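Report on the structure given below.
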Amino acid sequence: MQRGLLILGILLISLNLRPALASVGPLVESIRGATGLSNAALGLLTTLPLLAFGLVSALTPLATRRLGTEGALAAALSLVAVGTLARAAPSTAPLFGGTVLFGVGIALGNVLLPSLVKRDFPEHSGVMTSLYSSGIGAGAAIGAGTTVPLAGALGWRGALGAWAVPAVAALLVWLPQLRAGAPARASYDIGDSLRALARSSLAWQVALFMGLQSLTFYIALAWLPGFLQARGFDPAAAGGLLALSQVMGVAGSAVVPTWAARRADQRRTICLLALVEGTALAGLAWPGAPLASLWVSVLGFVLGGTFGLALLLLVLRAADAETATELSGMAQSVGYLVAAAGPAVFGLLHDLTGGWAAPLALLAFALVAKTAVGLRAGRPGQIRPGR
């Protein structure tokens, strides 16, 4: 019973790590009309959480040493709930303040789930990583797909604030874990820990793999509809294809980690994913983008699968749960800081050249670099305390 409740709690936490972020995009025009915010200010509503992910992730071990893993996850859900609810307040300041709060909460959850899997499910890391990584993807899809209908019933502020409800529900399910969790450890020198981790070449390889997969994912999320419209698709069709890619991403996150965890060496999996991703990008780049639905589906599946694999590597390459927390924090800090720059650089290349060749070359370069570091991160080996 206790183990089943733990698994349910992990799933519910994962489902709450993206809706607050994914709900902004569909409501941008409503927010602009009601508040008069500029495009730059509206962009901050999606950039601030990514910056929080990048800046807070590496500091997560401080929270676990003081609160324990279970306590830190409860704090994460509380921040998500409070920050999300704050966005429903009738002024602009809580809109941005709440965004920062839930960004910090999501950052904690992002980092701690791999550590929890390492500690409590070491023999089932693939299955559990598939469970929560697909939960993250499903949460994003649900948030993006249901926010507009919610806004029709509750208004845009109510639609943004409504995502506090599932966060509170997840917190209530999680509370029993606070009694069962390992005790917190008060003494911790995060500087020494990060310096030791930074000396590990394997840690950097895992971190760069996480960063490069995040770069490609967020570029696709931001630019796939515009790219497809330039290929002749109307906005509704382009948006539908983006939704299709997200659904296929959930499937990829569910399948790939379980499959990859069956062997100690993940290099073949990384090569196969790279080959499929390259094929999908080539198919979309072909003039007129024939078979676009196929290539978008394949791209979504492989990007979701690569995301799940990156999370799995955080578990497999750490010797224990404490190291998994530190590695996850480092890798996700690097990953989201790199990802935050990706869509802007892609757009800048498009503006400078007036075409898509240079932006697509950026994706090709990222794919080659991701494969190169992945072939090193995918080798059997572990990062141990003291490195």
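Each residue, glycine too, has its Cβ placed from N, Cα and C.
Database features, via TrEMBL:
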type	residues	note
TRANSMEM	38-59	transmembrane segment
TRANSMEM	71-89	transmembrane segment
TRANSMEM	95-117	transmembrane segment
TRANSMEM	129-148	transmembrane segment
TRANSMEM	154-175	transmembrane segment
TRANSMEM	202-224	transmembrane segment
TRANSMEM	236-257	transmembrane segment
TRANSMEM	269-286	transmembrane segment
TRANSMEM	292-315	transmembrane segment
TRANSMEM	327-350	transmembrane segment
TRANSMEM	356-377	transmembrane segment
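Same-chain neighbours of the transmembrane segment (95-117): 10, 13-14, 16-18, 20-21, 31, 35, 44-45, 48-53, 56-57, 60, 63-64, 69, 72-73, 75-80, 82-87, 89, 125, 128-129, 132, 160, 311, 314-315, 318, 321-322, 324-325, 328-329, 332, counting only residues six or more beyond its ends whose CB sits under 8 Å from a CB of the stretch. Cβ atoms under 8 Å from those of the transmembrane segment (269-286) belong to residues 216, 227, 231, 256, 259-260, 292, 294-296, 298-299, 302-303, 305-306, 309, 356, 360, 363-364, 367, 370-371, 374-375, 378 of the same chain, restricted to positions at least 6 beyond its ends.
For the transmembrane segment (292-315), same-chain residues at least 6 beyond its ends with a Cβ under 8 Å from one of its own Cβ atoms are 113-114, 117-118, 125-126, 129-130, 132-134, 137, 206, 209-210, 213-214, 216-217, 220, 224, 228, 231, 233, 241-242, 244-257, 260-261, 266, 269-270, 273, 276-277, 279-281, 283-284, 324, 327-328, 331, 335, 370, 377-378. Contacts between the transmembrane segment (202-224) and the transmembrane segment (154-175): absent, as fewer than 3 C-beta pairs lie under 8 angstroms at sequence separation of six or more. For the transmembrane segment (129-148), same-chain residues at least 6 beyond its ends with a Cβ under 8 Å from one of its own Cβ atoms are 7, 10-11, 13-23, 25-27, 113-114, 117, 159-160, 163, 243, 246-247, 249-251, 253-258, 261, 304, 307-308, 311-312, 315. If you look at the transmembrane segment (38-59) against the transmembrane segment (154-175), you find fewer than three C-beta pairs under 8 angstroms, all six or more positions apart, and that falls short of contact. Listed by sequence, the residues of this chain that lie at least six past the ends of the transmembrane segment (154-175) yet keep a Cβ under 8 A from its Cβ atoms are 5, 8-9, 12-13, 15-16, 19-20, 23-24, 27, 30-31, 34, 70, 73-74, 77-78, 80-82, 84-90, 95, 143, 147-148. When Cβ-Cβ distances below 8 Å are used as the criterion, the transmembrane segment (327-350) is approached by residues 47, 50-51, 53-55, 57-61, 107, 110-112, 114-115, 194, 197-198, 203, 206-219, 221-223, 310, 314, 317-318, 356, 358-359, 361-363, 383 of the same chain, each at least six residues removed from its ends.
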